[in-house]
Protein chains: 2
Amino acid sequence: MNEAEFIAALRRLPLHPAARDLRDDVAVLEFGGETLVLTQDTMVEGIHYLPDQDMGDVAWKLVASNLSDLAAKGAQPVGVLLSYSLGDATEAFVAGLEDVLAHYGVGLLGGDTVGANGPRTLSLTALGRASHTPVPSRAGAQVGDGLYVTGTLGEAMLGFEAMRDGTGGDAAAYARPMARVAEGALLAPNVSAMMDVSDGLLLDAFRMAEASEVSLSIDTAACPVADPARRMECLTWGDDYELLFALPAGAQLPVKAARIGTVEPLGFSALFVDGEPVTNPQGLGYSHR
Amino acid sequence: MNEAEFIAALRRLPLHPAARDLRDDVAVLEFGGETLVLTQDTMVEGIHYLPDQDMGDVAWKLVASNLSDLAAKGAQPVGVLLSYSLGDATEAFVAGLEDVLAHYGVGLLGGDTVGANGPRTLSLTALGRASHTPVPSRAGAQVGDGLYVTGTLGEAMLGFEAMRDGTGGDAAAYARPMARVAEGALLAPNVSAMMDVSDGLLLDAFRMAEASEVSLSIDTAACPVADPARRMECLTWGDDYELLFALPAGAQLPVKAARIGTVEPLGFSALFVDGEPVTNPQGLGYSHR
């Protein structure tokens, strides 16, 4: 059974009403008088990170990738639960965890520690409090909205290459990505749809279009990229953790972001890139999950 | 770095105020006008379950062990997040997950699916709503309280042996343990301390005594056991998922439970078993975590 079959099988199970789309690994539920946002991401040694990678960076990314999921919901992080496989470089892991928790002002709530029996698996659950309801989803884009993205795409790619090739270039965008928590909270009241761009802009835009049952038309020349000579690579590489959102015409844009396209009625394809329909998301991005 | 050193290192980190004891993997925090209880347990193939074990039973135990943590807080389960490593027998896993979620009326909230790169790691986060505040902890036992336990200890051990030896005996207590959710909610308003007995009665009692800074005195003859000829084995084997609690003198006992001892002032040892002090918890139980 592959992932798609597994997700399909899970949809037969007793689901919590908050579990609308098991691929969108963020649950939003009312609790007390507030709205709670829960997300869980897992990193496997040899799949999501390399055995020789700095474990402090791995800790940072584990937390930041979960906080990015909260950011896309406009949620303020409350705390995290860590499931940790014991192994080498635990000191470095704890130091990186300290850095990222301190940076975001988030507290460790608890978790579990297990022995490793082969490649290690690290899992984090992040708990957040919605700053605005209804909480944005990837499914709300409306025809006529503008499509926007924060930041510069491809910085993680260049950072990865600098690290891989030992060029001495800045690897921080790959090694210690930033979750757009403050931006997400400012955007949440204004957007009609929002998601983070962890798997590459074009692939994630395709997913937003499918979820919203619209077509998204993207002008690649309008997309801020880290290396214009490698524009399509920048738009299909993942790990940038920027925010992709649809903004209704006339709505205020409360953060720095680039308009990269338009939400259109569902046409021949969910995604049009420089006017060309993309019918198959294969090759649009890289699934790091 | 071993588990104890890891936990000690984590205590230097930014901790959420709800994270009082990182060994006690349950976080209790105010959210909205209610009290939220979060727990996370991870099972590793080859450590917490055998590769040839029925994956439906593994799914059941993964959920039940987390719900048992909620039960010890008197919390009603709200939903679970599952981090699943793809691999063999996923159909059986999903079927077992369906059984246990339906049995407890708990919904799947979301989670993450990853590829496996060796032995599989399965992690579950369970979210509950406290039915009574203050939420019981293992730290509240008071001198003069009675010490009680629900159910019969050693049933999981006999179930494990029946499965291992293929005797055809009933293995359900081991394969599909029950979390005492209803009992926990009834007990929460009355107890001074409560915890589940996942690692063996005597080891968990030692932990309650240490956390409460008292001595617990246990009369093994008063402990309900599945096989009186193997009484000490029944009291040191884990996986029974019963509730151990301290009840103030005169407080109502709202569920069926056996009085097995007394809370005493902190003496020479945290635990006295049939009058003998236990100074070293090694050998008192089995840490399945």
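Including glycine, each Cβ sits where the backbone N, Cα and C put it.
Bear in mind that TrEMBL entries carry predicted annotations, made automatically and left uncurated.
Listed features, source TrEMBL:
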- B:ASP25, B:THR39, B:ASP69: Mg(2+) 4 binding site (BINDING)
- B:ASP25, B:ASP69, B:ASP196: Mg(2+) 3 binding site (BINDING)
- B:ASP41, B:ASP69: Mg(2+) 2 binding site (BINDING)
- B:ASP41, B:ASP112: Mg(2+) 1 binding site (BINDING)
- B:HIS48, B:ASP239, B:TYR286: substrate binding site (BINDING)
- B:GLY111, B:ASP112, B:ARG138, B:SER198: ATP binding site (BINDING)
- B:ASP199: Mg(2+) 5 binding site (BINDING)
- B:24-129: domain 'PurM-like N-terminal' (DOMAIN)
- B:142-247: domain 'PurM-like C-terminal' (DOMAIN)
List those binding-site residues among B:ASP69, B:ARG138, B:ASP196, B:SER198 whose Cβ lies under 8 Å from any Cβ of chain A, in sequence order, or write 'none' if there are none. none
Over the domain 'PurM-like C-terminal' (B:142-247) the mean pLDDT stands at 96
Out of B:ASP41, B:HIS48, B:ASP112, B:ASP196, the binding-site residues in the record, which is closest to B:ARG138 (ATP binding site) when you go by Cα distance? B:ASP196
Least surrounded, by Cβ count within 10 Å, of the binding-site residues B:THR39, B:SER198 is B:SER198
For the binding-site residues B:ASP112, B:ASP196, which one has the sparsest Cβ surroundings, going by other Cβ atoms within 10 Å? B:ASP112
Cα-to-Cα gap, B:SER198 (ATP binding site) vs B:ASP41 (Mg(2+) 2 binding site), nearest whole Å: 12
Could you tell me the C-alpha distance between B:THR39 (Mg(2+) 4 binding site) and the residue listed as 'Mg(2+) 5 binding site' in angstrom, no decimals? 16
Which ones, of the binding-site residues B:ASP41, B:ASP69, B:GLY111, B:ASP112, have a Cα no more than 10 Å from the Cα of B:ASP239 (substrate binding site)? none
Counting other Cβ atoms within 10 Å of each residue's Cβ, which of the binding-site residues B:HIS48, B:ARG138 comes out lowest? B:HIS48
